[in-house]
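See structure below.
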Amino acid sequence: MNQFEPKFTLIDTVSNQSVVLEQKQINIYLCGPTVYNDLHLGNTRPLIVFDVLQRVLQAAQYKVQFVQNITDIDDKIIKIAQQQEISEAQLCKQQITAYKSLLKKLNILPIKHLQVTDKIDKMPGYIARLVKKGFAYVSPLGNTYFSVSQLPQYGILANRVVETIEDEATDKRNKLDFVLWKQTTAGVKWNSPWGWGRPGWHVECAFLIDYSFKDQLTIHGGGVDLKFPHHENENAMHMALYDKPLTQHWMHIGHLMFENQKMSKSLQNFLLAVDFLTIHDFRILRWLFYQKHYYHPLDLSQSLIEQACSDIKRIQKAVNVCRTWFVYSEQSAIPAPKQFEPVFKALLNNLNFANAITHIWKLVKQINHDVSKQNLSGLKEHLSHLEWALNILGIGFKSIHTKLNVQLIKKWASLRKNGQLDKADEVRQKLIKKGLL
């Protein structure tokens, strides 16, 4: 029998090529939030997808370094802080605390976070390298821009001839040129060779990647809406400095839709993640995102949410009933999670959620059959596999088999064995209400 050697296969969302990750050190950068308000559900989809990616890579014995930026200086931050009559730092502190709290609620594994303002003092040096190599210029108004005309490869991510984009700036040589350092009188400012100001958004991420990985980034990810111009511009700066792409592979996450429209703050059709989690268990949100491949749009609807609620309840019931039968049968211990190859292989194949979920439902069906037949050996195998599969998807269930609940299960078992069926049925009803049967 051939030994299973787990390797992750990725379909690059820029090249559309399938690649196997052969190296064991995987460096990941995921574009993070601009912390001026709470995240909506669409913002959480990349977080959850990349959390599963990290879990799968670690299970496959890859060494993972996962970095995400937190943009804590921005025109929107300045505007909101002024409206609330607090400093930018106060607003960002509140929002960063809320963001990290949300990550815990979503059961996201630890990520190394880099706040932009902690590294701004080093960014002028990065920009100076671009100026020195002739890829940047200072405008008559004192702003420093990247000159896209100096880079023939510009537009490679968009995979098309890039035309103009809307921009209020009038001091650029080309409308596609993007700001590296802008002079400003608003908000917090930093000194640089080009005067007091702050860096542009695109250079912040490009610098943090350079600071963290130099030219050794394996996977760069974010929402598909960041592909152009944000990722295009990041890549342009890196190409200018290193004459090679910013990252080996790209992963772009599809839009979250609501009634066939992209969920966004600008359209005012969004639902805040924190509000969703006051109503629903975090597993329901994660399960929703597993219903479509990560690069496809997902159209959210009330019926889809209701179905996800039903699915999670069915899976949780299978787990709890299975655990109850181990207590009922006086087993010494509930089996520990054990790697389940069909789900593992599905997720190693570019996070094939559909295939993974198919195998999860097969396990649930087998568990229900084992319970009906009181097949303990089958229960042991199938529960250990189901627990592993749920954990790697970040939706494992904590045991509700407390000391009191165990005593109640044992009482039910004793009454049944002694033929006290009426009393046993009363206890059984209590177990059902508790979700133990």
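Glycine residues also receive a Cβ, built from the backbone N, Cα and C atoms like all the rest.
Feature annotations, courtesy of Swiss-Prot:
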- CYS31, CYS205, HIS230, GLU234: Zn(2+) binding site (BINDING)
- 33-43: motif ''HIGH' region' (MOTIF)
- 262-266: motif ''KMSKS' region' (MOTIF)
- LYS265: ATP binding site (BINDING)
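Positions of Swiss-Prot features highlighted on the structure.
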residue	record	Cβ neighbours (10 Å)
CYS31	Zn(2+) binding site	19
CYS205	Zn(2+) binding site	26
HIS230	Zn(2+) binding site	19
GLU234	Zn(2+) binding site	28
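Beyond the ends of the motif ''HIGH' region' (33-43), by six or more residues, the same chain brings 70-72, 74, 76-77, 79-80, 91-92, 95-96, 98-99, 102, 223, 255-256, 262-265, 270-274, 276, 285, 300 to within a C-beta distance below 8 angstroms of the stretch. Across the residues of the motif ''HIGH' region' (33-43), the predicted structure has a mean pLDDT of 95. Under the DSSP three-state reduction, CYS205 (Zn(2+) binding site) is assigned to helix. A helical conformation is recorded for HIS230 (Zn(2+) binding site) in the three-state DSSP classification. Excluding the listed site residues CYS31, CYS205, HIS230, GLU234, the same chain places ASN69, TRP201, HIS202, GLU204, ALA206, HIS220, GLY222, LEU226, HIS231, ASN233 with Cβ atoms within 8 Å of the centre of the Zn(2+) site Cβ atoms. Within the motif ''HIGH' region' (33-43), the DSSP-based counts of helix, strand and coil residues read 3 helix, 2 strand, 6 coil.
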